[in-house]
Amino acid sequence: MGNLRVSSMLLLSLMAAASANNFHQDVEITWGGGHARILGQGNLLRLTMDKTAGGAGFKSNRDYLFGRFNMQMKLIAGNSAGTVTTFYLSSEGPSHDEIDLEFLGNKSGSPYTLHTNVFTQGQGGREEGFHLWFDPTKHFHTYSIVWNPKNIIILVDSIPIRVFNNEEPIGVPYPNNQRMKVYASLWDADDWATRGGRVKTDWSKAPFVAYYRNFVAKSDWEMQGLSARGKKLLSWVRKRCRIYYYCNDERHGRGSRHPPPPECKA
């Protein structure tokens, strides 16, 4: 059973460290059947992926128009190539809005890639990618989405890694009128997730397991922008950890048929 043979002592410690949030009350398992399990008194949730099921997922029972959304996650250890573990907001329908955090698996010894994107009215193409400054498989870390009428701020352990401002006055679409639910999932995407699909899922390493705890959703988003310290931390992340920025994509180069989005010009 590999990774599923977690000692009872480890599970007890994981559940004891979790706060009073209750996944039984807060979320609905949407797919994967028994590959998504709420453990203990409801304060820990485990997603599993193997060949019998290509993963699992859940969503919040409530939907929101703006707020702050925190989730603690512990990602798949070892060779996780081909897997994608997610935490995101999304509305429904073909013209949906979405704020994405996708953790792209890797071969042992290589860093995870955190891929972020913002969709408005079904249109994305505003990706930023990062290599985190820690190993996200060893301990739980807190990932946060702050969404308000002014901006979207993505934070890791309270450190801002991305800000997407509301630039509607210059023609940039912004998600501000569709209510969204919180989603999370673990799934097989070895056609693109690791090195553009060149590294495939090694099913001999299955089952692949990710943990979630301390889910908090607040309608009060708490912050409208970054403090001076927050701006310094964001600058540090951009210089040290950002590996992809859509405004710098070569497809938007001089003479291209794909001009950069208006916020890039600004």
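Yeah, the Cβs are placed from backbone N, Cα and C, and that goes for glycine too.
Per TrEMBL, the feature signal peptide maps to 1-20. Look at TrEMBL and you will find 17-212 tagged as domain 'GH16'. The annotation active site, nucleophile is assigned in TrEMBL to Glu98. As annotated by TrEMBL, active site, proton donor applies to Glu102. The N-linked glycosylation site feature in TrEMBL is assigned to Asn106.
There are 24 other CB atoms within 10 A of the CB of the residue listed as 'N-linked glycosylation site', with all protein chains counted. All chains included, 20 other C-beta atoms sit within 10 angstroms of the C-beta of Glu102 (active site, proton donor). In sequence order, Tyr88, Leu89, Ser90, Ser91, Asn117, Val118, Phe119, Gly124, Pro175, Met180 make up the list of same-chain residues 6 or more apart from the residue listed as 'active site, nucleophile' whose Cβ falls under 8 Å from its Cβ.
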